[in-house]
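J.: First the structure, then my questions, so here it is.
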Amino acid sequence: MQPAIKLRNIELGSCRPKLAVPITGTTINDILAATTPILAAQPDVVEWRIDFFKDVTNPEQLKSAGQQLRQALGDIALLTTFRTKGEGGELALSDTEYFKLCETVLDGGFTDALDVERYHDEQAVKQIVAAAHEHQVVVIMSNHDFDKTPAVAEIVKRLTSMVDYGADVAKMAVMPQSVEDVLTLLTATNIARQTLPQPVITMSMGDLGKVSRLAGEVFGSCLSFATVGAASAPGQIALENLRPELEDLKLN
């Protein structure tokens, strides 16, 4: 039985998947404006995609924006993510720049969770995980394949590697080219749920993979990404639709 991970006032890995929505504003005004419909919708988690923020490489602007966002969100959990260009994000950074950004986020004291991409310099990954834990910040370690769906064993291997590197939650997103690819992702998720000591988040992207965003309670993914406004990845479903669909599919 995987332990549930406490994230502000929710738990990841217990019962039904929690719901996250992205904020992708490019300015602080855009970011704060996005919180109005989000507060009305009340997701469990907000993912702030800082790679969209035009001042992301300015440490003081980043910390100020994060602190204002934290205040605006009230008690909704905040996950802060810089998605690199190579994994589907907006900006290409060197490893040094990437980890400096992660450190700035931690120093800002505004986030409940930090996304850490697994496939960077291994020592630097371990160091940022340790730093996050010192700040009492949950680490969601991730890998995204926008071209294909690896084999079951490879997906499980990558998720296992994330746990080995100290992830509190391991996340894998893949792109299906066939129905069989979606089944591959779901099979790997079920194996990871049964064998790993930490919760996992998985998704098969695009329209073909939408079913994976509904099936977390059955197969073992603890967080599903929905939309209130702009999507941050292909295949995300509107929160107002996804929430009742998960309710209909709940296990009694």
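Glycine residues also receive a Cβ, built from the backbone N, Cα and C atoms like all the rest.
Model, not experiment: these values are computed from the prediction.
Relevant sequence annotations retrieved from Swiss-Prot are reproduced here:
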- His144: active site, proton donor/acceptor (ACT_SITE)
- Lys171: active site, schiff-base intermediate with substrate (ACT_SITE)
- Glu47, Trp48, Arg49, Arg83, Arg213, Ser232, Gln236: 3-dehydroquinate binding site (BINDING)
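How about a rundown of where these features are and what they're close to?
T.: Other Cβ atoms within 10 Å of the Cβ of His144 (active site, proton donor/acceptor) number 22 in total over all chains.
Secondary structure from DSSP puts Lys171 (active site, schiff-base intermediate with substrate) in a beta strand.
The DSSP secondary structure for Arg213 (3-dehydroquinate binding site) is helix. Cβ environment of Arg213 (3-dehydroquinate binding site): Met203, Ser224, Phe225, Ala226, Gly235, Gln236, Ile237, Leu242 lie under 8 Å away, each six or more residues apart in the same chain.
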J.: Restricting to the chain of Arg83 (3-dehydroquinate binding site) and a gap of 6 or more, list residues whose Cβ falls under 8 Å of its Cβ, or answer none.
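T.: Expected: Arg49, Asp51, Gly89, Glu90, Asp115, Glu117, His144.
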J.: Once the DSSP letters are reduced so that anything not helix or strand counts as coil, what is Arg49 (3-dehydroquinate binding site)?
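T.: In three-state terms, Arg49 (3-dehydroquinate binding site) counts as strand.
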J.: For His144 (active site, proton donor/acceptor), what is the secondary structure state per DSSP, taken as helix, strand or coil?
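T.: Where His144 (active site, proton donor/acceptor) sits, the three-state DSSP reduction gives strand.
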